[in-house]
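Notes for the one structure printed next.
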Amino acid sequence: MAKAISPPNLYDKVSLQNPLHRAFDVTIFVLLISLLVYRLLHFSSNGFAWLLALLCESCFTFTWVLTVSTKWNPVEYRTYPERLSQKIQELPPVDMFVTTADPELEPPILTVNTVISLLAVDYPAGKLACYVSDDGCSPVTYYSLVEASKFARLWVPFCKKHDIQDRAPFRYFCSEEVPLNNSLEFQQEYNKMKDEYEELATKINDANKKSIDWNLSSGDFAAFSNIERKNHPAIIKVVWENKGGISDELPHLIYISREKRPKHPHHYKAGAMNVLTRVSGLMTNAPFILNLDCDMFVNNPNIVRHAMCLLLGSRNERESGFVQCPQYFYDGLKHDPFGNQFEVLHKYLGNGIGGIQGPFYGGTGCFHRRKVIYGACPHDIGIQAKSLTPVHGDLTEKEQLKIFGNSKELIRSAAHALQGKANTSPRLLPNLNEAAKQVAGCGYEYGTSWGKEVGWQYGSATEDILTGLLIHARVLAFRSLHATSSSLLGVCSTGGTNRDDPTKEVGNRFA
Ligand SMILES: O=c1ccn([C@@H]2O[C@H](COP(=O)(O)OP(=O)(O)O[C@H]3O[C@H](CO)[C@@H](O)[C@H](O)[C@H]3O)[C@@H](O)[C@H]2O)c(=O)[nH]1
Ligand SMILES: [Mn+2]
């Protein structure tokens with residue numbers, strides 16, 4: 001049975017130890033050792049087959065011991081977002097990153113749903129900014145975001161007023177049944193929102209099928225004219241700016257397509273994440289960063305507050321280097337034949353790893369500390385930190401230029417982030433556009449520490465493993481956000497080997 005093992009705070013660490021499981025494991029361990037001893041004792045009187053059996057059983061025992069020791073002390077974290085207001089004066093800002101790479105394989109309607117669900121989270125909007133990285137450099141994606149921000153201005157107040165839980169509109173409207181709420185006012189607003197969403201989906205789908213007449217040569221879309229997907233300058237556009245930092249408005253929404261040139265490596269998602277980190281560092285410089293792939297959406301509007309309980313509620317920052325939400329998927333097949341839900345990983349090993357050092361960084365759905373991404377150790381390990389990493393709060397200007405690159409604005413903001421200071425003089429986002437384009441350039445990182453000691457690591461097609469290992473080496477522990485296990489949901493494979501097909505299916509369901 002579960003019992004609390006630490007005093008109530010912003011979170012409780014709850015032990016999930018099961019004495020019966022432990023008794024089974026000890027019994028199996030004794031039996032395995034007895035078998036190995038038996039093999040050894042009778043080794044000389046048996047032949048080659050006996051040796052082979054001994055080797056196999058030793059390997060099995062070794063991996064079994066590793067697995068059991070990993071899940072020996074399972075824990076779960078229960079978070080209490082309602083206590084945040086008693087514990088801290090002001091909620092910290094969070095920069096939210098969405099990555100998309102291809103409007104064909106990842107239809108913009110899907111990306112738009114991810115973005116809308118992020119814009120609608122229950123958190124002061126003035127503290128949030130959503131940055132979308134488009135590696136496809138697609139005017140359709142940009143157009144979709146512009147249209148989505150117009151829709152979100154109606155959708156977000158509707159969700160907050162009626163306490164809607166499914167804030168990705170395609171999920172909310174996917175049921176044929178109208179939600180049970182008898183008030184006439186709700187029915188009218190529901191019907192209006194449904195029409196608005198259908199209109200948005202039709203517009204985006206028409207744009208994707210190129211059945212509307214694009215005028216790329218002038219106005220807002222001129223930046224997309226005469227460009228190739230893999231050969232173009234940086235395009236950065238502020239789709240929506242929450243000028244006064246007002247809580248009831250929409251968060252900032254910024255579109256970024258980093259510079260790409262044929263002879264420059266772009267480093268896949270890691271490269272996109274580093275550009276997002278630098279541009280957001282210039283613009284909003286929030287101390288916390290959340291990343292979602294464009295095929296996931298927020299299923300629990302309180303997710304950011306839950307994560308803050310773990311990030312702010314620890315005794316010191318070393319105990320929560322990052323907070324990883326487990327990846328779950330919606331509309332999976334019965335009995336999960338493709339193993340999308342990682343049942344064993346999350347339920348058994350995941351809780352066990354939570355009791356040791358915490359989870360691995362798994363890419364999407366992770367809340368990071370900006371200064372840890374910048375390569376620093378949490379402050380409170382002082383001098384020891386300097387032996388672990390060259391990045392710390394007392395860098396000289398020359399060191400800063402070498403590490404972070406040749407942008408004075410970025411260096412200033414990075415110094416603030418490393419010293420744990422807030423952005424002192426917020427500026428209008430469009431005024432930062434030129435500086436942002438500089439740090440989104442493909443040559444910006446040459447000779448710097450980006451991709452090595454700073455930011456998301458290069459050298460592997462998947463950015464999360466190397467980056468996670470590097471962070472694990474610098475920080476003591478990590479938290480897994482299990483209390484709200486389906487807070488984030490993604491598209492999963494429902495057939496065959498091509499994982500992109502279901503993405504298309506889901507994306508087109510409403511269009
Ligand atoms: O050049 C690229 C390639 C990919 N992406 C984005 O990266 C994300 C993940 O790529 P995907 O191909 O969907 O990888 P998955 O295997 O589905 O993703 C899992 O594995 C990745 C690599 O380990 C992690 O980054 C992800 O967060 C994790 O969900 C998507 O949003 C893509 O749009 C880019 O932005 N630029
Ligand atoms: Mn994916």
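Any Cβ shown, glycine's included, is placed from N, Cα and C.
Lifted from TrEMBL, the feature list:
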ACT_SITE  Asp135  active site
ACT_SITE  Asp464  active site
BINDING   Glu106, Asp135  UDP-alpha-D-glucose binding site
BINDING   Lys269, Asp293  Mn(2+) binding site
COILED    183-210  coiled coil
TRANSMEM  20-41  transmembrane segment
TRANSMEM  48-66  transmembrane segment
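The shortest Cα-Cα distance between Asp135 (active site) and any of the recorded positions Glu106, Lys269, Asp293, Asp464 is the one to Lys269.
The sparsest Cβ neighbourhood within 10 Å, among the listed recorded positions (Glu106, Asp464), is found at Asp464. Outside the transmembrane segment (20-41), and at least 6 residues removed from its termini, the chain residues within Cβ reach (under 8 Å) are 50, 53-54, 57-58, 60-61, 64-65, 68, 72.
Within 10 Å of the C-beta of Asp135 (active site) there are 23 other C-beta atoms, taking all protein chains into account. In the predicted structure, the coiled coil (183-210) carries a mean pLDDT of 92.
Sequence-distant neighbours of Lys269 (Mn(2+) binding site): residues of the same chain at least 6 apart with a C-beta under 8 Å from its C-beta are Thr99, Ala101, Gly363, Trp456, Thr462, Glu463.
DSSP assigns Glu106 (UDP-alpha-D-glucose binding site) to coil in the three-state reduction, outside any helix or strand.
Only Asp293, of the recorded positions Glu106, Asp135, Lys269, Asp293, Asp464, place a Cβ under 6 Å from an atom of ligand 2.
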